[in-house]
Amino acid sequence: SMISASSTRSTGAGQQHPSKRFGHNAVLSNNFLFVFGGFKNGTFDACCGYDWVVCGAPNNLVPIFPSSGCGFLHDMWSADTLKYEPFQTLISLNKHATQSSTLGTGVAALAVDGNTSGYYSDTWANSVTLTNSDDEAWWQVDLGQSYIIRNMTIYNRLDAFSERLQNFYVLFATVPFQSDWLRDILIDPLVFKTHVMYVQDLQSLDLDITARYVRIQLAGTNYLSLAEVQIWGHPLVQAWQSMEGMKKWTQVLPNSDIYPYGRFAATLTMYNEHTALLFGGMVKETPYFLDDTWTCTLPDVNQTTQQVAWSRLSMKKQQPQNTFPVGRYGHAAAFSPVCSLGYDIELGVLDGTIVLNRVTGSVPGYVYPGNPQQTPWCRGQIIIHGGRTSANRDTTDIAYPSGFLPDMWIYNVSSETISQVNFSRSSGFPSARAHHAIVLHKDWLILYGGTSDSCPGSTCGDLWMYNVSGPNSCPNDCNGHGTCEWGFCICDAGFKAVDCSELSCPQAQCSFSYSDHWLTCLECHNHGLCNTSGFCLCNQGWGGESCQLISCPGNCSGHGTCKLGGTCDCDPNFGGPDCFVAFCPNNCTTWSDGYDSGAQGECVITRNPPCCGNEPDCVQTSKSPSPCISRNPNYIPPHQVSATCVCSDTYTGIDCSQTIADVIISQQLAKGVQKSAGCFASHSEVYTVEAEGLRIRKISELQVGDTILTMNDAGKLDSTRVIFLHDHPDQVETNKISFLSSEGLVSTLELTDWHAVSSEVTCTGRNNCGIRLMYGHEMKRGHGIVRRNGDSFDTARVISIERGLSRVRYIVTGNDRLVVNQVLSLPHTSESAHTSSRRWGSCTALLLLALKAFPSASCFGCLPPCSRILPQERASRRFSNRQLCEQQKCCSITWLGCCRHGNREVSLDQN
């Protein structure tokens, strides 16, 4: 058995009793007394319940049951406090009896003579009383002194006339009755009355009243006969009375292996009809001073099996204190059913003198300054005060120096929440102590005595009172920023902490749980911490006074969008975690030849005001006027930023992707310069007109000034002069067209998408021929194209078309009808597929030339050599390029376009 035999003893007839002990606990439940734990004589080594090292168990997870020799007890016993049978006696026997009248031998004393015979005899052997037929006939007995009456049995007459004993009253009083009439007695507040309608043989009444005089009185007119009246009870308890050997004890066993081990000087406090709270205590092994909490559900009176259900309780810690009472023993605990509003207010609500709001159920404001709701959840509060724990040498510890504790805690039964009462220490308060007593009366805690090193002789005899509930029981009176309920502050908006002394952060959403006495605040939108000064310390990625805004470093410097999580989505040409770093468009157009790489310009970042010239938290760039220090991540630049490409050599445009000639020629073409320009595959062939006749030459071999074969407006062979040539640096997409002549010869021609060839020649008369144009991207297999055949033209058929990449050369001539690879080709787009009218178009991404910008054609030779210089060579050839330009007697604008980085003293004014 888990309950050791040594904790019980026998007293006659096998009656079991609890063993002798001290430091135990006792509670009442439904008039049953329950005794738990305590300490008896025992040995330290024999306990073996808490310290697994002492017990020799392999680990502390194995359940260990205390041995029978353990001095710290965990047994429980119960006794029915209402079973006073050994003390109840027949207190009415032979006592002085009287009645309203006597008929025959039926005197009043016969009802208390001990004879219950119900047969009347008009002889002296008679044992039944009898009165005349009186109006409201009565019989009564004087017990001689006041007794506690537990039972009364009335025996009726049985031989005849038993129906006469009906519709009567049984009356009890501690002083003589003041009248013989019921109309007077029934309104006497000092008389206890009970009505009986009919008695057949006998009537038994279970009572619990104090009385000396007992009367039976009819409610009408009739004879009154009584065979016997037995009244059982016992004298009033005037002083201490020994119960030894007179009580029946029952051992109450735990209903499982889960139960608290033995302890000394714990507290066991009832908080409802069947449930008690056990806290703390001491044992002579580690951990010595216990802080565990248990609830026990005591058995009901009607249960046949007496068992107690123990449950380990994990009390919640009230925020924001987040503390828990230290292990202790010798503390005091008391329970009160009073809840938030205080005793007087709650009593007023119950008796109707205070009327709750019908809608909200709250107390009127003139009664209570807050707006609390009626609290049906409330199951009361348990106050825990003081006790003793291990001595501590830390002067800041609450138990310094002797281990006595002065603290007070409140356990809310409904919410299972433990919280410390922060009473003011500026005025007098009880010294730290143990083994004292406390009780709760209305809103007040009353404390007396105990042992303490602060009391004379270590024994205290002082009496204290403390307001623990109601409107005036809060620490520091809530500092004027809240409403007080049951020792806890319900803070006003903008304040928090147990005494409403701290500021809450902006836009905080706080709510108070009446059941938990728990202030819950949603502060800083859960994106940061609120300090005691009421300021939010935001997490990364959040900002604003209440961390309600998504925040990025430097607010993305004004050049990006702040995304959730605090990351910047930077605008084009800006980068870095805060979009502070600026980039030039297209990185000023990079290039690579497979061995080296670079850009066609230099990226220059300008900040206005200049970086670090006026503000300290800037980031250094190559153009910074002075060294910069590290920039604060939250710094928002107070300046504007621009990133500009300074193009090298002949390049221009916002990203240096164009050349100066591109721009100039585009402008000139827009003005309608009447010249022909176009681009062809460099390896294509044309006819040059030379002194010795026609000569076939590749386009890549042409030079400015050469004369090439064309067709005039009359459709006859003619010639034109090459004005300008330029080789494009990159390959261009082309259409490689293979065609079959009438002689069966296969030739090829490469066309860009938007240059055309003559697909056929239509003549309406002599010297009046028209050309149908077809763009390169329109050509298909089977199409016919115009081809030179001697001094005239015929048609050849396309047999295949392939897409490809080729180097192309840009040509400017005086005529737009060139004969390329024997095919009549137009280097530019036409306005219509059915007309030869010319439209100035662009050769995709190729160099153009503005003829009107130059005074003579002799300058055209300067620009192409300069453009063909690779970027990595330009730095070393700047002056040679200038010399080359001067040797060819280029005009100044061409020389500037080629070599403007070569000599800094040349300015635009010199152009």
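Using the three backbone atoms N, Cα and C, a Cβ is placed for every residue, glycine included.
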Practice item. Look at the disulfide annotations in TrEMBL and name the partner of CYS562 from this list: CYS552, CYS570. Key: CYS552
**Study point:** Recorded disulfide counterpart of CYS579 (TrEMBL; options CYS570, CYS584)
**Key:** CYS570
Check your understanding: If you count the other Cβ atoms within 10 Å of each Cβ, which of the disulfide-bonded residues CYS552, CYS562 comes out on top?
Key -> CYS552
Exercise for review: Drop a 10 Å sphere on every Cβ of the disulfide-bonded residues CYS570, CYS579 and tell me which sphere holds the fewest other Cβ atoms.
Suggested key: CYS570
Practice item. Rounded to the nearest Å, what's the C-alpha distance separating CYS552 (disulfide bond) and CYS579 (disulfide bond)? Just drop the number here, would you? Key: 10
Practice item. Provide the three-state DSSP residue tally for the domain 'EGF-like' (548-580): helix first, then strand, then coil. Key: 6 helix, 12 strand, 15 coil
Practice item. Can you check how the pLDDT averages out over the domain 'EGF-like' (548-580)? Key: 82
Check your understanding: Rounded to a whole number, how many Å is the Cα of CYS579 (disulfide bond) away from the Cα of CYS562 (disulfide bond)?
Key -> 10
Practice item. Using C-alpha atoms only, work out the spacing between CYS562 (disulfide bond) and CYS570 (disulfide bond) and round it to an integer in Å. Key: 8
